[in-house]
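Working notes, beginning with the structure itself.
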Amino acid sequence: MLVLASSSPRRAMLLREGGYSFETIKASVSEELPEGMSPETGVRELAVRKAQAGLTHWLDQGGDIQDVIIGADTMVVLDACILGKPETQAEAEEMLQSLSGRTHVVLTGVALISGSGKLVSDVVETIVRFHQLGVDVIKAYVASGEPMDKAGAYGIQGEAGKFVESFEGSLTNVIGLPMENLSEYLRAWGIEQTNIASREVDDGLSAFKGSTRGPSTT
Ligand SMILES: Cc1cn([C@H]2C[C@H](O)[C@@H](COP(=O)(O)OP(=O)(O)OP(=O)(O)O)O2)c(=O)[nH]c1=O
């Protein structure tokens, strides 16, 4: 049995689209990190914390120790500063302004754990370049509410796909799970896709699929 320790609908969507059958469980953890910890170490640490918390809940509610729990965390990093989820609309506007016309890194940490004592974790990096964004465009996007539950105040899979000039690396990694690497780990742990044909109705990713460059807005 596979269990996703996350309340992110995007992570569940990616895993479902990847063809996996799984349960979900909440994994509330402290997201405080020691001062000076690098983003790479921090994102891995949070993924492991979420997987461990998920495992504890799962076993408490009668899960089997052989079951595999996935935890993940996504951070946007600009000039070594971590941009998490914005707390206010003003903060979301500031984040988008700082990303405008610049290149940033999206890091996702992913951890797999089982009650039998196995643990593996990884950090995957995607480099994203934004077009220059006008103040009105930023304000309208923030007013839509879309940025508020997303690291860096944008969702590449939604309207903000238009902000992206280009990207290098995994697209699913930006949305919350590095599916290419994750499926390798799952395969190594004996978990295969059960529903290869699984696809949700157009989720906004189709414009990007099969390409490492985002669509142009020009
Ligand atoms: C950059 C970016 C982030 N995101 C999302 C993915 C994550 O859900 C969120 C980053 O927050 P996280 O703290 O990684 O995850 P979460 O709180 O949403 O869910 P949980 O801890 O329960 O697993 O930002 C997008 O959906 N699209 C994007 O383009």
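Residue numbering: from 1, along the chain as shown.
A Cβ is built for glycine as well, from the same backbone N, Cα and C atoms used for every other residue.
What you see is a predicted model, and the numbers here were worked out from it, not measured in a lab.
Annotated features in TrEMBL:
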- ARG10: site 'Important for substrate specificity' (SITE)
- ASP73: active site, proton acceptor (ACT_SITE)
- THR74: site 'Important for substrate specificity' (SITE)
- GLN157: site 'Important for substrate specificity' (SITE)
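Features as recorded by TrEMBL, highlighted on the structure.
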residue: ARG10; record: site 'Important for substrate specificity'; Cβ contacts under 8 Å, 6 or more apart: GLY155, GLN157, ILE175, GLY176
residue: ASP73; record: active site, proton acceptor; Cβ contacts under 8 Å, 6 or more apart: GLU31, VAL43, LEU46, ALA47, LYS50, THR108, GLY109
residue: THR74; record: site 'Important for substrate specificity'; Cβ contacts under 8 Å, 6 or more apart: VAL43, VAL106, LEU107, THR108, GLY109, ALA151, ASN173, VAL174, GLY176
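DSSP gives GLN157 (site 'Important for substrate specificity') a coil state; it is part of no helix or strand.
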